[in-house]
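Pulled from TrEMBL, these are the features on record:
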TRANSMEM  27-45  transmembrane segment
TRANSMEM  57-76  transmembrane segment
TRANSMEM  88-104  transmembrane segment
TRANSMEM  116-137  transmembrane segment
TRANSMEM  158-178  transmembrane segment
TRANSMEM  190-210  transmembrane segment
TRANSMEM  248-267  transmembrane segment
TRANSMEM  287-304  transmembrane segment
TRANSMEM  311-330  transmembrane segment
TRANSMEM  342-370  transmembrane segment
TRANSMEM  382-400  transmembrane segment
TRANSMEM  406-425  transmembrane segment
Amino acid sequence: MALDEESPLVDHQIQAENQTVNHGRDIHILSWAFLLIFLAYGAAQNLQSTLNTDGDLGTISLGILYTSFTVSSLFASSVVRKLGSKNALLLGTTGYWLYIAANLKPSWYTMVPASLYLGFAAAILWVGEGTYLTATARSQANDHKLHEGTVIGHFNGEFWGIFASHQLVGNLLTLALLKDGAEGSTSGTTLLFTVFLGSMTLGTVLMSFLKKRDGEETEGDRDSSPGLYTLLASLWNQIITPLCDVRMLLIVPLIAFSGLQQAFVWAEFTKYYVQPSLGESGVGGAMAVYGVFDAICSLAAGRFTSGLTSITLIVSGGAFLQGGILIWLLNYSEPTDGVLRVVYPLLIAAVWGIGDGVLMTQLNALLAMLFKHNMEGTFAQLKLWQSASIAVVFFLSPYISLQTMLFLMLAALVLSLVGFLFLVLKVEKVFSNHVS
């Protein structure tokens, strides 16, 4: 009898504890784990065109990687649903670890298979990240009676702010361990990639401390051994069905541009604007500046994100800033003044960092707000179009001129901004009709 009387009290205590859980702990863990993993991968990616030059191995392997990423994004949402977002995150880290290990003995026989597998793993990782972060934000909002859009904005701001600092940390490590432009030094590169492997291992261990998200993990357990029909139906629902939504079609150009501008910075900006003015050693410094402003802007943009109106203002401001830089680059001539030769490339890097911070925080927040009932499929769309546009830049850059690339970027920016603003008007009209 006493036990029966205590049970409601125990249940009430457990319920009260669950309601006061601060889910922000998991965002802290997720953010720092990604920093440890991507400070290694980001720096390694920046070095591919200068380290693995035999037959353009480095550049071609990146093209293969992002092509694999694009294809894998078609079914990544099904894998995440099956595994659950936490397990998908842990599986995804294995591809990055293998890629860094392949750079210790770079050859066509190590880099190509590692790039193919990383493309698959990256798709799983990033769909898992978007799903996990959004589920965590919703839990925080529900448990603490907070505005969902504000929590999603804050959590995205923290994640992308800490994540973006990987460019700073990774490039500073590269500068410290590859001194005096000694990219070709075997001992230097071996030490660098060994340190990178250690950082990735720490990131994976940290990620294992994430809590599983209730609800979104269990859905995949219902079909423990899906047949071909179930698999194809899931693929259709996660990839094709979202594209039947006009809102998603209007966001796709902006998603694609976010990938284009990232690849432009990695492949074209460092090659044509930074290296001629600052030399090989200056590439790491410019990318560090890019990372600093990316991180600061991500944190700030996340704090100011509360709903569709704030997203519209932030995205529009970032788009006009990037448009101004693209027009400047179309008419850019290398300054003769010694100070300006240093200042201009770093200034442009800072603006690109701000643009990336705006797009990554706001795109993730926007998708999380508009597509609540299909998180895996939504974030698969994000990575599908981003990785496809990145692959296009890597494969096209050897065959088209810099001027042509800049015009394509400017046209893509205008198209994406028009589509985004039309989406905003459409959503606000629907909301107004619903309220009235």
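Every residue number used here counts from 1 along the chain in the order it is shown.
Just so you know, glycine gets a Cβ as well, placed from its N, Cα and C.
TrEMBL does not curate its annotations; it predicts them automatically.
Within the same chain, residues 62, 89, 93, 96, 99-100, 103, 129, 132-133, 136-137, 155, 158-159, 161-163, 165-167, 169-171, 173-174, 193, 195-197, 199-200, 202-204, 206-207, 209-210, 266, 284 sit at least 6 positions outside the transmembrane segment (27-45) and bring their C-beta atoms closer than 8 Å to a C-beta of that stretch. Among 88-104, 287-304, 342-370, 88-104 has the largest number of CB pairs under 8 A with the transmembrane segment (190-210). Sequence-distant neighbours of the transmembrane segment (342-370) (same chain, 6+ residues past either end, Cβ-Cβ under 8 Å): 130, 133-134, 137, 148-149, 152-153, 156-157, 160-161, 164, 167, 247, 251, 254-255, 257-258, 261-262, 265, 269, 273-274, 277-278, 282, 285-287, 289-298, 300-302, 305, 307-308, 311, 314-315, 317-318, 321-322, 325, 328-329, 335, 378-379, 381-382, 427.
Residues 30, 37-38, 40-41, 44, 51-52, 65, 79-80, 110-111, 113-115, 117-122, 124-129, 131-132, 189-190, 193-194, 196-197, 200-201, 203-204, 207-208, 210 of the same chain, all 6+ positions outside the transmembrane segment (88-104), place their C-beta atoms under 8 angstroms from a C-beta of that stretch. Nonlocal intrachain contacts for the transmembrane segment (287-304), taken as residues 6+ away from its ends with a CB within less than 8 angstroms of a stretch CB, comprise 46, 153-158, 160-172, 265, 270, 310, 314, 346, 349-354, 356-358, 360-362, 365.
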